[in-house]
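*Asks:* Feature list, courtesy of Swiss-Prot:
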- 23, 80, 123, 450: (6S)-5-formyl-5,6,7,8-tetrahydrofolate binding site (BINDING)
- 219-372: domain 'TrmE-type G' (DOMAIN)
- 229-234, 248-254, 273-276, 353-355: GTP binding site (BINDING)
- 229, 248, 250, 253: K(+) binding site (BINDING)
- 233, 254: Mg(2+) binding site (BINDING)
């Protein structure tokens, strides 16, 4: 598969729509445009033309726009045909393009190949390319704004600034090592240690913001757990604002998980209603309970729901003992509307009524708090787990470098090496030094046509 052969794909989502787009990218597409339309196209102008089959039959009418390299999304020549959004029409237009460009090497594009070419042609860095996919996948306005901030290059600029400062600091270390006869301590002369402290501080700030970006992009896996009939399904419905789960007075109604995505202040939360936890001889219910524990094991946050009208028993104690210690647990006492007196709850617990709506706003805010979301923070860009991991790796190397900076000149070579490793971790975010395997993994997750 040649990276330089022209490629084509339907760029709009599958299904019917008012407009559909066929996108082509590659070298010298002026020749292909001449074959398709029998005339040259003026770059960056919209031409209203018939789209014809090889025998002259009119398939559709629409706009043809030619972008000459390097002034295009991919950095190559790009030809976009905008017609009506019917699947059959778009398939015929694409087939005609592939037929007309067969001897030019035109082939169907692979997922993400247009954006990969934009990256390889330095129209986007890797973090910006990922932001394209995140913008398409954004499930809330906050996530869309964050993706657009990343696409604009703000996150990349912050990373590049840190990288440049690390390079400058490394130059001072190398100069001290390479010119010992000068008897000049470049680290002292150019205040390298305060520079390293400032670098570490700014990197820590960036890590905190990246955590916000990861939460905004990926959300949290929140599991509702507890005995049967404590109101888990009612709480899911209340948070979702819809009747998602079946609610009955019969214990054991929920036998398999029910997942619903909700948004609180733009943050996506994947709420999982599960089978009630109890001892049972019912084979089907037992399978549901086993699945509940699997969901609990992979949860980011557990809401342990309890019925405030019922005293705790041995089963409650068993559940508490089995909950994973590494996962935050919020004890939620439901059905407070059925109490005659005010409820005296435990510290760090919440009292609610899922059906009556009591305490739900407080619960939503507690969920954000436990997620680590800071609503007063600077409007974040979206980040991925790999970005956060790379930033944390860079911070670890700077921490080790700081230790070496406190020693004598005999460890300056180690100081320089830790700075090199920190720089390498950061440049992996923007793709300056990134393996082909990682690139393949990232771009394969894109939709075809993007």
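Glycine residues also receive a Cβ, built from the backbone N, Cα and C atoms like all the rest.
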*Asks:* Quick check on the binding-site residues: of 23, 123, 232, whose CB has the lowest count of neighbouring CB atoms inside 10 Å?
*Replies:* 123
*Asks:* Could you state the whole-number distance in Å separating the C-alpha atoms of residue 232 (GTP binding site) and residue 23 ((6S)-5-formyl-5,6,7,8-tetrahydrofolate binding site)?
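*Replies:* Distance (Cα to Cα, whole Å): 48 Å.
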*Asks:* So what sits near residue 354 (GTP binding site) in its own chain, CB-to-CB under 8 Å and at least six residues off in sequence?
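*Replies:* The answer is 231, 234, 235, 237, 238, 334, 335, 360.
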*Asks:* Can you tell me the CA-to-CA distance separating residue 23 ((6S)-5-formyl-5,6,7,8-tetrahydrofolate binding site) and residue 229 (GTP binding site), as a whole number of Å?
*Replies:* 54
*Asks:* Which three-state DSSP class does residue 23 ((6S)-5-formyl-5,6,7,8-tetrahydrofolate binding site) fall into?
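*Replies:* The residue in question, residue 23 ((6S)-5-formyl-5,6,7,8-tetrahydrofolate binding site), is strand (DSSP, three-state).
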*Asks:* If you average per-residue pLDDT over the domain 'TrmE-type G' (219-372), what number do you get?
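*Replies:* Mean per-residue confidence for the domain 'TrmE-type G' (219-372): 84 out of 100.
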*Asks:* Taking Cα atoms as reference points, which of the binding-site residues 229, 233, 275 is nearest to residue 80 ((6S)-5-formyl-5,6,7,8-tetrahydrofolate binding site)?
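*Replies:* Of the binding-site residues 229, 233, 275, 233 has its Cα closest to that of residue 80 ((6S)-5-formyl-5,6,7,8-tetrahydrofolate binding site).
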*Asks:* At the Cα level, what's the spacing in Å between residue 123 ((6S)-5-formyl-5,6,7,8-tetrahydrofolate binding site) and residue 233 (Mg(2+) binding site), rounded?
*Replies:* 48
*Asks:* In whole Å, how far does the CA atom of residue 275 (GTP binding site) lie from that of residue 233 (Mg(2+) binding site)?
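*Replies:* Taking the Cα atoms only, residue 275 (GTP binding site) lies 9 Å from residue 233 (Mg(2+) binding site).
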*Asks:* Would you mind pulling the DSSP three-state label for residue 275 (GTP binding site)?
*Replies:* coil
